[in-house]
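To start, the structure under review is shown below, and the notes come after it.
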Ligand SMILES: C[S@@+](CC[C@H](N)C(=O)[O-])C[C@H]1O[C@@H](n2cnc3c(N)ncnc32)[C@H](O)[C@@H]1O
Ligand SMILES: Nc1nc2[nH]cc(C(=O)O)c2c(=O)[nH]1
Ligand code: SF4
Ligand SMILES: [Mg+2]
């Protein structure tokens with residue numbers, strides 16, 4: 001089964017507020033590499049557009065929404081439907097820039113579980129089976145998003161980030177799974193500190209970007 005697809009459409013656009021078309025950067029069937037669902041098959045839908053500006057972002061090509069073709073949600077759902085994993089991860093870019101209600105309701109109507117990767121910088125839209133909240137210093141999460149987080153995944157870039165991680169952990173629900181994930185370019189250097197932190201603070205778990213070690217998308 002083909003796992004990637006390229007698109008050709010106009011590039012300058014305004015994303016409609018009704019969520020009927022979304023700027024699609026790429027979509028691919030792979031293994032969820034991070035967080036609580038690591039190791040499970042999922043179809044990733046990567047939407048273009050992000051104004052958070054993390055200097056270590058591993059997908060800066062996503063930031064400019066206008067580079068990514070507006071695609072109807074019918075087309076997106078049709079592309080996702082054949083894959084046996086029956087799970088979609090909506091990511092970006094920052095997917096909460098957009099109204100995700102129509103996309104997620106159509107996915108769920110087609111028997112597909114819906115998961116999101118978000119910084120939480122904007123209020124939640126969409127109907128979700130799993131919410132991964134990954135807060136950022138550069139644009140704090142909207143307060144309304146914390147209660148919906150199934151997992152909190154904090155990126156550790158330097159040692160002061162552990163304290164910052166605890167501030168966010170204090171804001172999520174008691175059933176939210178807590179993950180510390182090393183920033184990729186500093187992972188080797190940071191791992192010993194993350195390991196010691198989790199050993200001393202066992203409410204946290206380690207999350208690695210396992211897809212990068214597996215050399216898959
Ligand atoms: C590219 S972001 C897109 C979704 C959303 N904008 C967000 O930040 O959650 C997907 C995930 O990758 C993480 N991530 C991005 N760059 C990373 C890096 N250099 N090292 C480790 N994790 C990274 C983010 O924190 C987020 O959990
Ligand atoms: N395999 C794989 N797992 C992922 N988990 C979160 C990702 C993301 O970029 O949102 C991601 C990704 O890009 N690839
Ligand atoms: S919020 Fe996500 S997509 Fe946006 S810059 Fe940060 S890591 Fe990249
Ligand atoms: Mg990624």
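The backbone N, Cα and C atoms fix where each Cβ goes, and this holds for glycine too.
Automatic prediction, not curation, is the source of TrEMBL annotations.
Small disclaimer: the values here were computed from a predicted structure and weren't measured.
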Listed in TrEMBL for the substrate site shared with 31, 32, 33, 46, 217, one of 91, 104, 114: 91
One of 85, 93, 173 listed by TrEMBL as binding S-adenosyl-L-methionine at the site of 56, 57, 58, 134, 135, 136: 93
Listed binding-site residues with Cβ under 6 Å from ligand 1, out of 57, 58, 134, 135: 57, 58, 134
Pairwise Cα distance for residue 135 (S-adenosyl-L-methionine binding site)/residue 57 ([4Fe-4S] cluster binding site) [Å, integer]: 13
Maximal Cα-Cα distance (Å) across residues annotated as binding S-adenosyl-L-methionine, namely 56, 57, 58, 93, 134, 135, 136: 15
Residue with minimal Cβ packing [other Cβ atoms within 10 Å] among the binding-site residues 46, 136: 136
